[in-house]
Ligand SMILES: N[C@@H](CCC[C@H](N)C(=O)O)C(=O)O
């Protein structure tokens with residue numbers, strides 16, 4: 001039997017660390033949530049990759065560490081809030097996670113850490129006011145989405161020609177391409193983009209098919225996580241790019257965005273966007289980290 005499992009039953013493995021976790025998802029973009037209110041837990045990139053490993057670990061697209069903002073060295077805000085320390089599957093950090101922040105809000109409320117229905121959640125992209133709608137859905141004020149000209153070329157495996165893409169900033173970086181057929185895209189390997197220096201820290205790549213005037217479908221290849229079944233910031237980028245492509249200048253304008261893991265709604269206002277979608281907590285348990 002694996003040593004870590006022996007340790008689980010006997011507590012005899014001195015070199016392992018046992019930590020409580022919850023598992024949740026938003027439209028099947030899934031996360032391991034770890035409470036660390038006073039910022040005592042040091043999670044290396046390898047620790048996060050181990051937790052996210054779908055065979056050796058719990059399995060997830062990312063990790064959400066739940067920590068008071070006063071214990072986050074780089075947090076510049078003056079309020080003490082719950083901070084969502086988001087890590088991708090490979091351990092890298094990201095500024096924001098739109099599905100993660102909804103799951104984070106649900107976790108806070110269900111564990112008595114926040115009252116709701118309105119919670120201000122601190123992220124590396126600032127404070128995200130999040131509202132529990134009472135029906136399992138959460139509505140997040142995501143901030144503005146800034147869409148550029150289609151100046152990027154994205155090359156997925158198997159396509160003869162690169163796709164034109166618009167850069168979109170949702171706090172984290174995105175590039176959105178429009179396609180006629182989402183099913184035939186091969187996203188098992190990372191698409192490349194050019195110019196490479198347009199995104200020196202990497203980029204999330206969205207592929208979008210228009211279904212109706214305010215309805216799109218999307219697949220995504222996420223920076224640090226690969227293809228996922230949904231990306232909340234990506235749906236905001238996709239909706240904003242779709243509105244620009246269609247010349248829809250009226251605000252607010254709302255989009256239904258279908259992703260492989262479900263459906264979300266994106267509302268685009270003049271200087272704000274809102275993401276509404278489900279958040280689910282599916283399990284809690286104890287995790288044994290090696291080392
Ligand atoms: N899945 C997330 C985005 C997570 C971060 C992203 N991979 C990045 O590195 O920017 C979402 O729901 O927004």
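Note: Cβ is positioned from N, Cα and C throughout, glycine not excepted.
Unlike curated records, TrEMBL annotations are generated automatically.
Keep in mind that this is a model prediction, so the values were computed, not measured.
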Item to check | Site-mate of 29, 88, 98, 99, 204, 222, 223, 232, 233 for substrate in TrEMBL, selected among 120, 172 | outcome: 172
Checklist outcome for this item: Among the active-site residues 97, 231, the one whose Cβ has the most other Cβ atoms within 10 Å is 231
Next on the checklist: Neighbours of the substrate site 29, 88, 98, 99, 172, 204, 222, 223, 232, 233: Cβ within 8 Å of the Cβ centroid, same chain, sequence order.
Outcome noted: 94, 96, 97, 100, 220, 225, 228, 231, 234
Checklist outcome for this item: CA-CA within 10 A of residue 231 (active site, proton acceptor), subset of recorded positions 29, 97, 172, 222 in residue order, equals 29, 97, 222
Next on the checklist: Which secondary structure state does DSSP assign to residue 98 (substrate binding site), in the simple three-class scheme?
Outcome noted: helix
